[in-house]
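A.B. asks: The following feature annotations were taken from TrEMBL:
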BINDING   G105, K106, G107, G108, V109, G110, K111, S112  ATP binding site
DOMAIN    5-75  domain 'MIP18 family-like'
Amino acid sequence: MPTQAAVLDALKPVQDPELQKSLVDLNMIRNVSVHQGQVKFTLVLTTPACPLREFIVEECKAAVQTLPEVTSVEVEVTAETPQQKSLPDRTSIPGVKNIIAVSSGKGGVGKSTVSVNIAVALAQSGAAVGMIDADIYGPNVPTMLDLEDAVIEVQKHPTGDILQPAENYGIKLVSMGFLIDRDQPVIWRGPMLNGIIRQFLYQVNWGNLDYLIIDLPPGTGDAQLTLAQAVPMAGVVIVSTPQNVAILDARKGLKMFQQLGVSVLGVVENMSYFIPPDLPERQYDIFGSGGGAALTQELGLPLLGRVPLEMSVRQGGDAGQPILLSQPDSASAQALRDIAQAVAGKVSVAALTA
Ligand SMILES: Nc1ncnc2c1ncn2[C@@H]1O[C@H](COP(=O)(O)OP(=O)(O)OP(=O)(O)O)[C@@H](O)[C@H]1O
């Protein structure tokens, strides 16, 4: 019978494809047991949304099966999301492992839709997820998460009030939408905005989160600046349509984050092409094509994915049923799931590499 040590030896050459290090050396293989030729072990991934989960499991199984007298290999898969790197002069949020901002240069390109669906995909994979809707001009995340009528509780605390986030679909949410009258225009001056963003970061009962997703207002204003200067961020995702004007604005936003020392994880091209519901095999490039790819090539950044324009995405958003839940097999849901996995993978790799 193979021993535990022999199983670990056989697994030693199997590498994490992204970190390019042995799974054994990374302490990702645990609880190895061998009973009458039946090998069992736990594979601890670096994110529950690991894009290469199946591939890694298959590689592990194949490696163990090379040992003599092995009759079966059972792999239990779990995940431990690493903590993002800390930064001098930035205050992290206790219990929150990774902060990911979603930004766009132009309004209306689908930033909130992408943020919400990334959050849903991560929560569906088993991660603990929170969201800050910092879009003061259009706080529509509560609608998208069917939390429009949620009332957030305020707990009195000697060092300042603590907000209890609303919660749905496994996502904890605080939003400007909970604090302002929807029908009243609000003029936010820099210091006020600064204060509310800090409250959303530090005075919320977040508990333990693997990912905190922040939906920013469009553009390059006070909210972006406050955030970048307050917390250490795992990175920012830039959303754009393929249209030239949107791409130009996206480039500005992207450069601002780079100047502020925030890592840009990549670009999501949204509304990349239109899929008519009655002719799903057809595609129309309503906003042009190739803009996202050209931008990422020029700047040496990853294109995280292309999300088609589908009526069901808009309907899902309006109805408080994100497309990942309402039509999980649609082309846009698939694209958004892949994007969430790519983001999670990149964040973990950045946390674990020097
Ligand atoms: N891929 C898509 N297919 C169809 N409709 C979409 C898609 N992405 C976004 N939409 C719709 O476009 C509208 C704008 O999207 P969203 O609110 O996500 O944009 P935004 O960039 O966050 O806007 P804002 O400037 O208000 O912050 C919404 O009605 C949304 O449902």
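In case you wondered, yes, glycine gets a Cβ from its N, Cα and C as well.
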A.B. asks: Taking the Cβ of K111 (ATP binding site) as the reference point, list residues of the same chain whose Cβ is under 8 angstroms away and which are at least six residues distant in sequence.
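C.D. replies: Long-range Cβ contacts: V102, S103, S104, D135, D215, L216, P218, V239.
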A.B. asks: Are there residues of the same chain, six or more positions away from G107 (ATP binding site), whose CB falls under 8 angstroms from its CB, and which are they?
C.D. replies: Y137, G138, P218, G219
A.B. asks: So which one is it: of the binding-site residues G105, G108, G110, which has the fewest other Cβ atoms within 10 Å?
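C.D. replies: Lowest Cβ count within 10 Å among the binding-site residues (G105, G108, G110) is G108.
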A.B. asks: As a test of the contact definition, list every same-chain residue at least 6 positions from S112 (ATP binding site) whose Cβ is closer than 8 Å to its Cβ.
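C.D. replies: Once residues fewer than 6 apart are set aside, S112 (ATP binding site) is near D133, D135, G138, N140, V141, M144, D215, G317.
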A.B. asks: For the binding-site residues listed here (K106, V109), which one has the lowest count of neighbouring CB atoms within 10 Å of its own CB?
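C.D. replies: Least crowded of the binding-site residues K106, V109, by Cβ count within 10 Å, is K106.
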A.B. asks: List, in residue order, those binding-site residues out of G105, K106, G108 with a Cβ under 6 Å from any atom belonging to ligand 1.
C.D. replies: G108
A.B. asks: For the domain 'MIP18 family-like' (5-75), jot down how many residues DSSP puts in helix, in strand and in coil.
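C.D. replies: Breakdown, helix to coil: 20 helix, 23 strand, 28 coil.
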A.B. asks: Given the recorded ATP site (G105, K106, G107, G108, V109, G110, K111, S112), which additional residues of the same chain have their Cβ within 8 Å of the Cβ centre, ordered by sequence?
C.D. replies: S104, P218, V239, S240, T241, A246, N270
